[in-house]
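Down below is the structure, laid out as structure tokens.
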């Protein structure tokens, strides 16, 4: 797995990857009062990427699990604007997600559903970073294309580019991934989608909304579903998606997107035993994780000096809090990476090898009507 990161970063660049994950907690209402909620647990993962003593990228994911079924909700992804030109935030996001998903595969995952809600904002994880002048803030259209690019690399990464030659390769390959995008109020979504493997819809389209749709933090679906639950509504999933267009963030005048990527895996002993960065991350108590996460949100990143100071203080305090925990391994807490990608490799990159691609999507201005 370190190779994945190295091949995504321009030669000569050096990064440090930090990965914290919380212990599992019960999650009795992921699907409201539906029986589907039974036995689900959840844990959080925080990835932070440091370059030259300052954080340049971060991502938080919440993983819900039951048996061999996993739902990965990308809660937040953000940059500070202080990364060098040889480091693509899109590729960093891709590497974080592969690291997380491969870790779930080592746990025996057979079904992994990756989902996220994309809404354009100036900052998500790094306070005041929108003010530093170096941060490239995408508009709503640009953000949708940015996530399409990232998830398309994931889709290709988990799809065999050539037909398996033997039964063992067949067992170790994924079933065909399915990618979905729904943009409330936008009829022509096809212009955002790269190929026929993407579906202009939601992954869940049938049944009763309050029983079939999961509820995630800071997700407009959750607030609406809770209202329907209180009203004891029998609204269908199809009607839910139609009416969501006129509610809350979805009716603000900006484009927002609901993304889903469905992955299915065959398991083999070879993959489960494989020693890779899927083992990354320091497991910490859920309460300590929340305290650590909240601390990050209190540090300023409005200037380079502030960002460097905030990075140093956060890492120092975090290490002091976790290094005495049972089973702490520093190499799982921090991974140092040296970039290996050549400029020509990145420029002429073939999508069949998504690990080496690093593209930053530029925002496109909406046509004024």
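Placed from the backbone N, Cα and C atoms, the Cβ positions cover glycine too.
Since we're looking at a predicted model, the values are computed, not measured.
For reference, Swiss-Prot has these:
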DOMAIN    1-346  domain 'Rtt109-type HAT'
BINDING   117, 136, 137, 138, 146  acetyl-CoA binding site
ACT_SITE  219  active site, proton donor/acceptor
MOD_RES   221  N6-acetyllysine
REGION    345-369  region 'Disordered'
For residue 219 (active site, proton donor/acceptor), the number of neighbouring Cβ atoms whose distance to its own Cβ is within 10 Å equals 19
Most Cβ neighbours within 10 Å, among the binding-site residues 137, 138, goes to 138
Simplified DSSP label at residue 117 (acetyl-CoA binding site) comes out strand
Taking every pair from 117, 136, 137, 138, 146, which the record gives as binding acetyl-CoA, the longest CA to CA distance in angstrom is 20
Whole-number mean pLDDT, the domain 'Rtt109-type HAT' (1-346), equals 90
One finds that other Cβ atoms within 10 Å of the Cβ of residue 146 (acetyl-CoA binding site) number exactly 22
Once DSSP output is merged into helix, strand and coil, the residue listed as 'active site, proton donor/acceptor' belongs to coil
Quick tally, other C-beta within 10 angstroms, 136, 221; top of the recorded positions is 221
For residue 137 (acetyl-CoA binding site), the three-state DSSP class is coil
